[in-house]
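S.K.: Pasting the relevant annotations from TrEMBL:
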DOMAIN    A:160-339  domain 'ABC transmembrane type-1'
DOMAIN    A:468-648  domain 'ABC transmembrane type-1'
REGION    A:1-23  region 'Disordered'
TRANSMEM  A:31-48  transmembrane segment
TRANSMEM  A:163-187  transmembrane segment
TRANSMEM  A:207-233  transmembrane segment
TRANSMEM  A:279-300  transmembrane segment
TRANSMEM  A:320-339  transmembrane segment
TRANSMEM  A:351-371  transmembrane segment
TRANSMEM  A:449-466  transmembrane segment
TRANSMEM  A:472-494  transmembrane segment
TRANSMEM  A:506-525  transmembrane segment
TRANSMEM  A:531-550  transmembrane segment
TRANSMEM  A:594-614  transmembrane segment
TRANSMEM  A:626-644  transmembrane segment
Amino acid sequence: MVAVAEPQQAPPQVSQPGPQQGSRPIYRSKALIAGGIVLAWLVLWLVFRNVGTLSLDASALTPLHRWINSVNDAVGASRNSNPLFLYFFNEIRFVIDEFVTFVQALIAQPSFGRPVPVIGWLGVVAIAGFVSLVVAGWRVALLAVAGFVFLGLQGLWQESMDTLSLTLAAVVISLLFGIPLGVWAGLSDRAHRVITPVLDFMQTMPTFVYLAPLTLFFLIGPASATIATLIYAAPPAIRITAHAIRSVPHNTVEASESLGATWQQTLVKVLLPSARKTIVLGINQTIMAALSMVTIAALIDAPGLGKTVVKALQTLDVGTAFNAGLAIVVLAIVLDRVTTAATERRKLPRWAMFGGLGVTGVAVYLSYTYLWAAEFQSDVEIGSSIRQGATAVTEWVQDSLPVITGGFKDFVTLALINPLQALLAESPWFVVALVIVAFSFLIGGLRPAVVSAVCLGLLVATGLWQDSMITLASTLVATILVMVLGVVVGVWMGRSRRADRVIRPVLDAGQVMPAFVYLVPFLALFSASRFTAIIAAVVFAAPVAIKIIADGVRAVSPATVEAATALGSSSWQTIVKVQLPMARRALTLAANQGLIYVLSMVVVGGLVGAGALGYDVVAGFSQGQLYGKGLAAGVAIVVLGVMLDRLTQAAAKRWTN
Amino acid sequence: MARHNVLGAVLVGALALAGCSGAKVGDSSSGAAGDCGTFNLAINPWVGYEANAAVLAYVAEKELKCKVTKKELKEEVAWQGFGTGEVDAVVENWGHDDLRKKYIDEQKTAVSAGSTGVKGQIGWYVPPWLAKEHPDILDWNNLNKYADKFKTSESGDKGQLLDGDPSFVTNDEALVKNLNLNYKVVYGGSETALIQAFRQAEKDKKWVIGYFYSPQWLLNEIKLEKVKLPEYKPGCDADAEKVACDYPDYDLDKIVSKKFADANGPAFQLVKNFKWTNEDQNTVAKYIAEDKMKPEDAAKKWVEANGDKVKAWLPKA
Amino acid sequence: MDPVISVGNLWKVFGSNASQVVASDELKSLSRQELMDRTGAVAAVRGVDFDVAPGEMFVVMGLSGSGKSTLVRCLTRLVEPTAGTIMFEGEDILEADAKRLRDLRRNKFSMVFQHFGLLPHRTVADNVGYGLEIRGVPRAKRGERSQEVIDLVGLTGYEKSYPDQLSGGMQQRVGLARALAGDPDVLFFDEPFSALDPLIRRDMQSEVIRLHREVGKTMVFITHDLSEALKLGDRILIMRDGQVVQVGTGDELVGAPADDYVRDFVKDVPRSHVLTLKWIMRPPRPEDELDGPELPPETVVREAVRSVLSADKPVKVVRDGELLGVVADEEILGVVAGEA
Ligand SMILES: Nc1ncnc2c1ncn2[C@@H]1O[C@H](COP(=O)(O)OP(=O)(O)OP(=O)(O)O)[C@@H](O)[C@H]1O
Ligand SMILES: [Mg+2]
């Protein structure tokens, strides 16, 4: 499963008219069979409604859940005597704690007996500018300097630096392990096969499930926060590194071997440098993933902007939360642009190199010595205006829109969510399971059908069948909305550079702005409901789908579009008959990624009325006796993710060949 | 190139000159803690708790010269911290019999440090406008009469009873069943969801009934009214499946780690002696939540106005 | 002279059951398609024998899929042969362990690839010096040597460019320079010019001919283009479905094709450009006047046309004073007319 967009491979444009025409009757008969299955399902639903739905009350537990609880308790009780804790986890914790604390001492926290960190704001801004200059060029360097100064003007300098320290630490550790693992998975098929499901698990298992146990293993503090972050953030680096190594052209490797290189030489001098560009993209994805964990890590006392957001929400202070969220977005955009630009080859003139080094050195020295350069103090405080502005906008939205939005919510709920949920959650479980397995078979053949069957079996085993089906219904609805948005906006962006330029930063913001920030106004617009959860998921997942589709549409060869235009196609015909069909691979990738991203919001949905698995996980995090159930719900989410991922991939394979 | 290097040098020089003014960074290794040492104070995520903690931290720092480390944690994680030695005190605890059993009785890593003096109440609440226009709604016997009005997209053909933050034990599903109410429990999933629902209900005169509690800062803003459920009698909630009575009143208390209690330092004394009233807490909570004061400032303001109360908490020398 | 490379009964079978295939005479006798159907294995190279003489330009030619690339990779063990022998300067390469093999690759032979195989992140100079770098040659020496070969292939001035800034032809010059940098005894070329457009290709062919003349290295050159083969090759090996069909000089192939496959192949070749008088001369007839001009038998027909047609008597084909035959207008016209 690829929860982070891997760089798309160039679609091999092989059109095979022969077999396609030949299989047309098969398609028709498949449609017929699918229709038959749905019809049978409807009938069975009418007859057996609410029989065998395997429902479980919110506070009820199964033996499995109790057993997990007892294991959890036993681990907790043995913490201070178990050698594994004393000699293994404690050592890891110690190293990571030291590392993070060191970075914080450098840029974020008062340290070494000084009232301020070693490097003050001026030094950090200079370093950020200089590093960006070296790896990414003038324009990005300017952006970086502006971005960092903006953080200070927001009145969030220290919080931002705490977040930056934690993020950097998590990213560095992720890469320390991730890149070698990725290289290994790139070189060995067996390693690849073993690692992939582990990465799937790491990326789809909701953080809430392992947050509390982490503090048991690694105590409350930087280590736990860092590890929570890197569990989620390391997989993209591993996957993309493996992918990069795999896509180094065979002939360069062969050329190196033909010259008598040892395999270490080939690795270091050919594979890694050739894969560098793609690996940097992996690092970029890892940074973004790490930043998206900032608020969640705050729930176990991780310092920084996340804390500000979480705190502000206790009093529903959207302004403050937004201000801090904006700082996260700014950090994300700066880091994203720097790493993206770092893939280009560039050489800085000598004078700029030395000049930059000199200026940076002086700035660091000043920020070490003088108070004005150490602590960000400014008469221009834009933080409060941002806060007030956001609060005003939120209030306006909350006052004037709910009449319309409430109706919209009711409509979608009645027309889409309820029927789907009724079918999935109110039919006997074996009927639903049979239908899903049959569909898997129709879509992908035997393998996907077996995978689905196993996954469904696991869902039953978690004891949370009905909750899983409710969550599945919402997930499907959200994915449909994501794809609708993805196609509309993606095509628009793919066809117009200007639209792309304007919309892209908004999408970036949608991806990294902590969901907690916009949940408050959403709750006002749509009340606590499944729909609110769906909309939150769409906000998070649509940007990915839109970007993938936009890139796919843009990649359609201009020659083809030109040919279509020359034949007199209208814009609409060009889109529908040329660009979309040719961007098929992008569409399926978007659907796949959309699904995975939607699933990763299930837990957030649980905070705003989605109920079902999301609520189970949240409740498990909050109440000891529900821990086992929460864990089971987390597993159910992973299982749903694996099933949907494999299914969409199988469908994609069928469809694009 | 040489010219550029000169340019660079000039730039660096100018910058250095510009910098050589202003106050220098001083040394801060003074303010060392007295015999109090470090006091690890958990901060659970609600404003009432924050009020307790802010005042305690302020007094501990200012009067006892402790080094207070605040750790923002949810209850479960905070209690877990007693065992690992990372949390010394939780200063507002709502019952949590499960945690008590696990950490006080079984693992023996925590002990109670007495009441905070604040009384907690859990129950079903409706917005004031509703209580005013339909006063009889405040009796559970009449709830079925209004069930239709509470219907939402989430509750189908029943009335919606909105539950909130899953941190608290709720018996609501059992209550609805055992009292034969035509309602469905909908899980909002967070305190935020509840507060938004009540705010909107009051503003737009919407029908909302939900699980809530006092003290809570929102009650300063909107006087939610509690619905009367069958009276609580000790033991009536013993079997979670069969509950048909109101929630008990909670005597909110303080929990500290065993080690912290045994050491019996000044910070522990302070926590043990700490006791105030719902009104006191509401005052500080209001400073924080509505006046948007920093917790330190809110605590300072209250402490300065209530010197005598604070004096009673300090360890007897 | 001893051959530099001597290949004996070389087999390469792709597939998990490769060793079974070469162990069984029955399976070995099957055609490629039959073997594929029976066992799922692909026999890319099937029982190939040939020798390459020192300083020779040996060309291997065949259609796509005939196993040329596999063959040439077997020679350097980039692909591991399934059976057979490969002697290189008297040493059995198949016996070489990993270290010895690396030594051979570093010092004795190098390869130029169809798709160049350049390292995109390195400059021209660094690409050329790559082979020396992995041998541990110090930087300064490396730079010197790279510059030499860069000059040799005509890339002077492009040392600091990156591959993606060069045209295809120039990129292949880099590939060539890289192969030459280590001063190997043998150069292998795997269709080095088939990705280039015709004009550039012609340039590059001349370049190789020039280099061959200047550095005098043994070269094994793979191509699927007959005219290229004829232009470059001292001798040409024609492959089909993994097997050798014929080995010989260009005029031998055109003049005496071993079978219909080869005949079909050489059908469109401008015979007058390839054939020598040896192939068209006839024994003198009684009526011939034998006091006309003389030409050696290696003279290409095209070059003999003028002298034959302008002479009013048949031209004598003579080697070392011995009369081998005669060529008159009708023979010449027969060749030239056959091309039209
Ligand atoms: N690694 C491999 N695994 C399986 N079969 C292979 C492999 N490499 C080559 N083959 C097969 O061996 C046969 C010969 O391939 P080879 O690449 O040597 O042909 P070629 O003459 O170089 O063709 P071209 O002119 O297209 O380069 C082909 O049928 C090919 O499919
Ligand atoms: Mg080939």
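Placement of Cβ uses the backbone N, Cα and C atoms for every residue, glycine included.
Unlike curated records, TrEMBL annotations are generated automatically.
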S.K.: Using a threshold of three or more Cβ pairs below 8 Å, and leaving out pairs closer than 6 in sequence, do the transmembrane segment (A:31-48) and the transmembrane segment (A:531-550) count as in contact?
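M.R.: Between the transmembrane segment (A:31-48) and the transmembrane segment (A:531-550), which are separate recorded stretches, there is no contact, as judged by 3 or more close Cβ pairs.
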S.K.: Verify whether three or more Cβ pairs under 8 angstroms connect the transmembrane segment (A:506-525) with the transmembrane segment (A:320-339), leaving out any pair fewer than 6 apart in sequence.
M.R.: yes
S.K.: Compare A:207-233, A:279-300, A:351-371, A:594-614 by their Cβ pairs under 8 Å to the transmembrane segment (A:626-644) and return the stretch that comes out on top.
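M.R.: Against the transmembrane segment (A:626-644), the leading stretch is A:594-614.
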S.K.: For the transmembrane segment (A:472-494), which recorded stretch in the set A:207-233, A:279-300, A:351-371, A:449-466, A:594-614 gives the largest number of Cβ pairs separated by under 8 Å?
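M.R.: So the stretch in question is A:594-614.
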S.K.: Quick one: do the transmembrane segment (A:163-187) and the transmembrane segment (A:279-300) have at least 3 Cβ pairs under 8 Å, skipping pairs fewer than 6 apart in sequence?
M.R.: yes
S.K.: Please indicate, using numbers and ranges, the residues of the same chain that are 6 or more beyond the transmembrane segment (A:449-466) and have a C-beta under 8 Å from a C-beta there.
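M.R.: For the transmembrane segment (A:449-466), the sequence-distant neighbours (Cβ-Cβ under 8 Å, at least 6 residues beyond its ends) are 53-56, 62, 64-65, 425, 429, 433, 436-438, 440-441, 613, 616, 629, 632-633, 635-636, 639-640, 642-643, 646-647.
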S.K.: Please report, as numbers and ranges, the same-chain residues at least 6 past the borders of the transmembrane segment (A:207-233) whose CB is under 8 Å from any CB of it.
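M.R.: Same-chain contacts beyond the flanks: 72, 75-76, 79, 85, 89, 92-94, 96-97, 100-101, 104, 166-167, 169-171, 173-174, 286-287, 289-290, 292-293, 296-297, 299-303, 603, 617-618, 620-621, 627, 630-631, 633-634.
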S.K.: Which sequence positions outside the transmembrane segment (A:31-48), separated from its termini by at least 6 residues, show Cβ-Cβ distances below 8 Å to it?
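M.R.: Hits for the transmembrane segment (A:31-48): 422-423, 426-428, 431-432, 435, 438-439, 442.
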